[in-house]
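Feature list (source: Swiss-Prot):
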SIGNAL    1-30  signal peptide
DISULFID  Cys41-Cys67  disulfide bond
DOMAIN    41-149  domain 'CUB'
DISULFID  Cys94-Cys111  disulfide bond
CARBOHYD  Asn121  N-linked glycosylation site
CARBOHYD  Asn143  N-linked glycosylation site
DISULFID  Cys186-Cys254  disulfide bond
DISULFID  Cys231-Cys277  disulfide bond
CARBOHYD  Asn314  N-linked glycosylation site
CARBOHYD  Asn370  N-linked glycosylation site
CARBOHYD  Asn417  N-linked glycosylation site
CARBOHYD  Asn478  N-linked glycosylation site
DISULFID  Cys498-Cys533  disulfide bond
DISULFID  Cys521-Cys550  disulfide bond
CARBOHYD  Asn536  N-linked glycosylation site
CARBOHYD  Asn563  N-linked glycosylation site
DOMAIN    640-823  domain 'GAIN-B'
CARBOHYD  Asn674  N-linked glycosylation site
CARBOHYD  Asn720  N-linked glycosylation site
CARBOHYD  Asn746  N-linked glycosylation site
DISULFID  Cys773-Cys805  disulfide bond
REGION    773-823  region 'GPS'
CARBOHYD  Asn781  N-linked glycosylation site
DISULFID  Cys792-Cys807  disulfide bond
TRANSMEM  833-853  transmembrane segment
TRANSMEM  874-894  transmembrane segment
TRANSMEM  900-920  transmembrane segment
TRANSMEM  941-961  transmembrane segment
TRANSMEM  995-1015  transmembrane segment
TRANSMEM  1040-1060  transmembrane segment
TRANSMEM  1063-1083  transmembrane segment
REGION    1126-1165  region 'Disordered'
Amino acid sequence: MMFDTLGKRCCPWRLKPSALLFLFVLCVTCVPLSVCGCGSCRLVLSNPSGTFTSPCYPNDYPNTQSCSWTLRAPAGYIIQITFNDFDIEEAPNCIYDSLSLDNGESQTKFCGATAKGLSFNSSVNEMHVSFSSDFSIQKKGFNASYIRVAVSLRNQKVILPQTLDAYQVSVAKSISIPELKAFTLCFEASKVGNEGGDWTAFSYSDESLTQLLSLEKASNGYFLSISGSRCLLNNALPVKDKEDIFTENLEQLCLVWNNSWGSIGINFKKNYETVPCDSTISAVVPGDGTLLLGSDRDEVASLRGSIYNFRLWNFTMDLKALSNLSCSVSGNVIDWHNDFWSISTQALKAEGNLSCGSYLIQLPAAELTNCSELGTLCQDGIMYRISVVIHNDFNHPEVKVQTKVAEWLNSTFQNWNYTVYVVNISFHQKVGEDRMKVKRDIMDDDKRLVLWALLVYNATNNVSLNEEKIKQKLMTNNASLEDGLRLCEVDVNQLGMCSALEDPDGFSWPATLPSVYKQPCPNKPGFFMTRACLSNGTSTFWGPVDTSNCSRQSNEVANEILNQTGDGQNLTSANINSIVEKVKRIVNKEENIDITLGSTLMNIFSNILSSSDSDLLESSTEALKTIDELAFKIDLNSTPHVNIETQNLALGVSSLIPGTNAPSNFSIGLPSNNESYFQMDFGNGQTDPLASVILPPNLLENLSPEDSVLVRRAQFTFFNKTGLFQDVGSQRKVLVSYVMACSIGNITIQNLKDPVQIKIKHTRTQEVHHPICAFWDMNKNKSFGGWNTSGCVAHSDLDAGETICLCSHFTHFGVLMDLPRSASQIDGRNTKVLTFITYIGCGISAIFSAATLLTYVAFEKLRRDYPSKILMNLSSALLFLNLIFLLDGWVTSFGVAGLCTAVAALLHFFLLATFTWMGLEAIHMYIALVKVFNTYIHRYILKFCIIGWGLPALVVSIILVSRRQNEVYGKESYGKDQDDEFCWIQDPVVFYVSCAGYFGVMFFLNVAMFIVVMVQICGRNGKRSNRTLREEVLRNLRSVVSLTFLLGMTWGFAFFAWGPLNIPFMYLFSIFNSLQGLFIFIFHCAMKENVQKQWRRHLCCGRFRLADNSDWSKTATNIIKKSSDNLGKSLSSSSIGSNSTYLTSKSKSSSTTYFKRNSHSDNFS
């Protein structure tokens, strides 16, 4: 009975209509959140952008809806909504259906179509949208899109350069930059593109536009300019030579300077290094200037990229502080905040992946560290000790209490008007009576804990902060302490400083906070004495002065450097730069260098020369200058000669007496025993030296009185390793000898009547043809140095393995050799003649290649067979090869690197295409004449085109992808004087593999095909009995000549252009190859009978015009009668298959398909 009753109640068809109506109303009123098939309309949207719509859009929205959307963005953003479509039931005051928009300040209702196409912005980082509909009249609804819009600089970066003055990015006028005796400057930057060039990242200048502080990249390195002093930063930047420090990704760079250091600290890519800059000692950066991002000068470009999170402090941070530097540490002089900057919206770009950008998830508070670990962060600020009493209601462990209090202090001071740092927090520990008092306090209430924190305030713009303000700030933020922690008491006291002090020795120590203070040693630049300001918790006092660095002698420092460069030491480019700077400092400091110190320094340079050439390149100029200065300062008071020999370097110094005719000569060779590295001789010289210098007898005559005082010595330096002499601007000449340097005192001698004679042995075992004498010019290649031949000539009387150079001045001398692909072996006159022939020939070839191509394109009957189509492709390749070659020199004159690279790559491509199509001509002849039977090839011409154009394109593409474009293609000089420039392949490996090697393969293939084809022609023509011997020879000769130009046999002259036959074969090569297009036109177009008929029919008039009824087909009917008569003719005209009747008469029927495509060509003669 019970189950029966239950069953009746559960059957819906047994319910009364009133009950059904009740259930329907209940469903509609209580479940309006989702509509069948339309999804939920109560959402929280936190994506950077997106869309949302009314329920069931674009269909009509249902009745009785109540929807809401919350759009949320991180701090520093606002929300922008745009209604793409809007159609809601319209009524006065929107009393029926409506959409409500809450932007954080006000709420607005919309209905009808009023909001369509409109955009609305929120005033905060959150916006609420609600939609409701009543029980009747449905409409289409709305479609809205939303996007975050960054308003805080934390979420935006600055794009540089900004060319218009109105868009320049500068510090706001309301911000006054104070006078700086120290600073820490950090910013993130990126660079667009790989092109080089000078740039400026930021510049700070006064009203007269005098630069006071800037970061620049120049041709010879990266510089930080401080009050007129330029400090080279290269040694501290972990980047390879010629690479930019900034890439496409933002990287943070921090610069630290104090006017008492004489150096600059650089933190970049998690690497902290210092570089010396003695000229900034005691320097001051004046205040009240203007700071710009980018360059403030027209002659220097701005960094092309972006800058982000630029912050400046008027104190220094050490490695620990920089490593722990977080986004919450605001710059006390300049911060990355809207209030500090004047930036046009055109210069800003918002991104969602910035290092200090806002996120919806709250980032953890920064970890606090001890002030002692932060170096000079605490040195220039005012320090306060904060004592807080916390009531621990829930008996949390002390570690948790300390963590929560640290987070509370950090958040309390994070966005305050004063720039302060909480750098330490700990539980209060005391001794004696104070300790007993604390203990009694805790016994009275075991939930009370006393914590001490150290607060550092760095005053900016003379804004004062006192203890009462700090205490008030903490008390008003009491509510932010959570988890059962209550603030009971706060006590703030300013920590004392060590008072200013002057020692009896005359050293002044300024008033400072507890830290280590250093100042330069007297009469010893680059070294510092130190003194610590100490604290015992209640007072501060000065510690003893540490002058150990000042007492170190140059010999001691040099020996330490020598140990750093000894055997087994792997020196990087940065290490070598640092070592050269240290040695330079020692050499500059000493007035006279004795033999002991000089030997140590020479051994340092010798060890450096054992490093790789790439690591030596950056420091080569400074190293050479330092070696020259070292040679000039070697002490000669006790001896007339000084010899210093090392493994890779030797120095000889000899005294001179002005007014005498006995200047010193010098020679250096290998020793007769193994007791030393080299053997030097001043005087008559050795019999077989590695290098020798003979000075002219009248060298010291006619010197001015001033110069006579300076000329007391002659310095000779021999370089066994030549890694310091790398000419980055020339890839054609290579150094093939040792390097010998010679100088007289400290003066410049040039334009000598009688030249100085330098004999140098070659380091290469192979014979050096046409050696070039040159000297090392340190001003070339943007101060990187390079070889210069001015004032030096090679003596005509040369022995194998050495060169005698006659020069009219003194410096570093060496012997160069031109690489085999260079044209410097050709004298200037022949170079001009060959250039003239080449350009005239290429012009003629381009004209007739175009004529050949135009003929076959214009007359459809001529291009029906395979040989004609192959000839058209070969003519196209030749035409573009000649045109690009003719335009190349003109394009080079523009000096646009990218355009030069493109032209060189195109020239390379069409050269390879020409080689390839000549090879395909040979392969086609082989197939047509030798492989006669069963040689049908599907899509024959298509496959040839894929090979003929695709293979060169593949080679050039691989080169462009696998190597940097500017390393492979670029400007090349040619001619003996290297004055003419051409866009071509720079890399010798690429040239020999992809040009010489590629051509070699094609050439030998064509030679083989040429021989096979000529054997076939001569064999078949020899069977004819109705032709005289003279006719036979002439026909075969014409076949040889026509095939020679068609298959590019004349390019083989390049293999014979060396040694004594170089000039004749260069002329043959230039004449025949530049006119290849003309010869192809003559033999394979103008002399073809079917071409002549088409010309006469369509281009001639009068008696020369061929009658229209003289049809081509009539001639074709006579082909059978001509038999092998025309074989040589058809071959010489590139119409291999035109004699198909003869060939197919002997072939199987299966070959007919192939040869019928070749049967439409006529024969010439």
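Going from the start of the chain as shown, residues are counted 1 onward.
Note that Cβ sites are derived from N, Cα and C of the backbone, with glycine treated the same way.
Annotated features, which come from Swiss-Prot, shown on the structure.
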| residue | record | contacts (Cβ under 8 Å, 6+ apart) |
| --- | --- | --- |
| Cys94 | disulfide bond | Ile88, Lys109, Phe110, Cys111 |
| Cys186 | disulfide bond | Gln252, Leu253, Cys254, Leu255, Asn309, Phe310, Arg311, Leu322, Leu325, Gly331 |
| Asn720 | N-linked glycosylation site | Leu609, Gln647, Asn648, Leu649, Ala650, Tyr677, Phe678, Tyr738 |
| Asn781 | N-linked glycosylation site | Asp727, Val728, Gly729 |
| Cys792 | disulfide bond | Cys773, Ala774, Phe775, Cys805, Leu806, Cys807, Ser808, Phe813 |
Query - Non-local residues, at least 6 beyond the ends, that sit with Cβ under 8 Å of the transmembrane segment (941-961) - result: 866, 869-870, 873, 877, 905, 908-910, 912-913, 916-917, 920, 924, 968, 990, 994, 998
Query raised in the report: Of the recorded positions Asn121, Asn314, Asn478, Cys533, which sits closest to Cys521 (disulfide bond) by Cα distance?
Result: Cys533
Query raised in the report: Residues of the same chain, at least six outside the transmembrane segment (1063-1083), with any C-beta under 8 angstroms of its C-beta?
Result: 826, 830, 834, 837-838, 840-842, 844-849, 851-852, 871, 874-875, 878-879, 882, 1038, 1041-1042, 1045-1046, 1048, 1050-1051, 1053-1054, 1056-1057, 1132-1133
Query raised in the report: Hey, which of 833-853, 995-1015, 1040-1060 has the most Cβ-Cβ pairs under 8 Å against the transmembrane segment (874-894)?
Result: 833-853
Requested in this report: Using C-alpha atoms only, work out the spacing between Cys498 (disulfide bond) and Asn314 (N-linked glycosylation site) and round it to an integer in Å.
Outcome: 20
Report task. Specify the nearest of the recorded positions Cys41, Cys231, Cys533, Asn563, Asn746 to Asn143 (N-linked glycosylation site), where nearness means the distance between Cα atoms. Result -> Cys41
Requested in this report: For Cys41 (disulfide bond), just give me the three-state DSSP call.
Outcome: coil
Query raised in the report: Under DSSP, is Asn720 (N-linked glycosylation site) helix, strand or coil?
Result: coil
**Report entry** By Cα-Cα distance, the member of recorded positions Cys67, Asn478, Asn563 nearest Cys277 (disulfide bond)
**Finding:** Asn563
Query raised in the report: Once near-sequence residues are set aside, which residues in the chain of Cys67 (disulfide bond), 6 or more away, have Cβ atoms under 8 Å from its Cβ?
Result: Cys41, Arg42, Ser54, Pro55, Ser130, Phe131, Ser132
Report task. Name, in the order they occur in the sequence, the residues of the same chain whose CB lies under 8 A from the CB of Asn478 (N-linked glycosylation site) and which sit 6 or more residues away. Result -> Arg486, Leu487
**Report entry** Nearest of the recorded positions (Asn121, Cys231, Asn314, Asn563) to Asn746 (N-linked glycosylation site), judged by Cα-Cα distance
**Finding:** Cys231
Report task. Would you kindly give the Cα-Cα distance separating Asn121 (N-linked glycosylation site) and Cys533 (disulfide bond), rounded to the nearest Å? Result -> 55
Query raised in the report: Counting only other Cβ atoms and using a 10 Å cut-off, which of the glycosylation sites Asn143, Asn314 scores lowest?
Result: Asn143
Query - Local backbone state of Asn781 (N-linked glycosylation site), from DSSP in three classes - result: helix
Query raised in the report: What count of other C-beta atoms do you get within 10 angstroms of the C-beta of Cys533 (disulfide bond), across all chains shown?
Result: 22
Query raised in the report: Of the glycosylation sites listed here (Asn121, Asn314, Asn563), which is spatially closest to Cys231 (disulfide bond) when Cα positions are compared?
Result: Asn314
Requested in this report: Compute the C-alpha separation of Asn314 (N-linked glycosylation site) from Asn563 (N-linked glycosylation site), stating it in Å without decimals.
Outcome: 39
